Every structure is written in C-alpha cells, then in structure tokens.
C-alpha cells in the first residue's frame, strides 16, 4: 500500500511539473509572438505660396500726410488757414453778395474751414494718444469728405476767377470794385484746394492698396 501511495504521489508531482513547464513555454511563445511597433520618420509637408494666404499681414507705417500723422496735421492746418483767409477777405467786401460766384466762394470756403478744422482736431487727438487712424471706415470717410470739400472750393475759385477777370480786363471797372480783394480771396481759395489734394490722394491710395 505504501508503494502504491508513493507511486501516485510521484505521478501527481510529474503532472504538476509538466503543467508548469507547458504554461511557461506558452508564455514564452506568446511573448515572442507580440509584434513591436516600428517608428518611421515622417517628412514635413512642403509649403507652397498658397499656404500663406492666412498669414497675418504686417501693417505699413503711416506715411506722412495720412490721417493721424504730423504731415497730415500740417496739411489740415494749411487748408484751414488758406480757407479762412479767402473767407475773411471776400466777406470783408461790401458787394460780394451781389455776385453769385463770390457768394458761392464764401459758402465753399466756410465748408472747407469747418472740414479742415474738424480733421485737424482729430489728428491732434490721434497724435496725443498715439493712435492710428488707418481704419477702413475712417479712411473712406476722410477721402469722400476731402473730395467733396476740395471740389466745391475749386469750383468756387474758378467761378470767382472768371468774374474777376471779367471785371478787370473786359469791363475795366476795378476802380469801382474791390478787384484786389477778389483776386486775393480767389488765390487763397485755389491754394486751399491744392493743399487739400495731397490729403485726398493719400487717402484714396490707402483705400486702393488694401
């Protein structure tokens, strides 16, 4: 009986050892069968000209003469001074209201004075707070205003020049009229109009370059 019992114990131990060996071999095969992830280099995509469409644009420095610059302020002040001079000289005559062209010059010079003074104040404010006025709506309003004011002033100056030439050369009646005042006011209106032209062109160029 003891011999049979010993034989059974040996068989059980042998089965246990075989089971462990089999399990260990299976684990080794499982470990060998696991595939390791391979790393492949990825090339950077080549950039083309079309890829820079969304790149942020660098804003140009404000050119002197544009709104919010010292040059722009100088232009506005010169427009205002010449327009005020034309208005004052023409209004100082007692008979300017009898001629439609001279009355038109007074109205156009008044409009130019108000417009240039308002924009000069805006330029002074922009220079004090160091703020750029290159906004689309601001620039387009300045361009339209400069175009209207300078057109009115130029038309009034041309009409006044025609009447002045008529009185001086054709009628030869300067002794009875204020030809010197008429000529001075007309010249100041032309200069005010020409000083407004750079502001209009710079604003228009700024809009066209956007």
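Note: Cβ is positioned from N, Cα and C throughout, glycine not excepted.
Feature annotation (TrEMBL): of 29-53, 104-128, the stretch labelled transmembrane segment is 104-128. Here the domain 'Casparian strip membrane protein' (66-194) is broken down by DSSP into helix, strand and coil counts: 110 helix, 1 strand, 18 coil.
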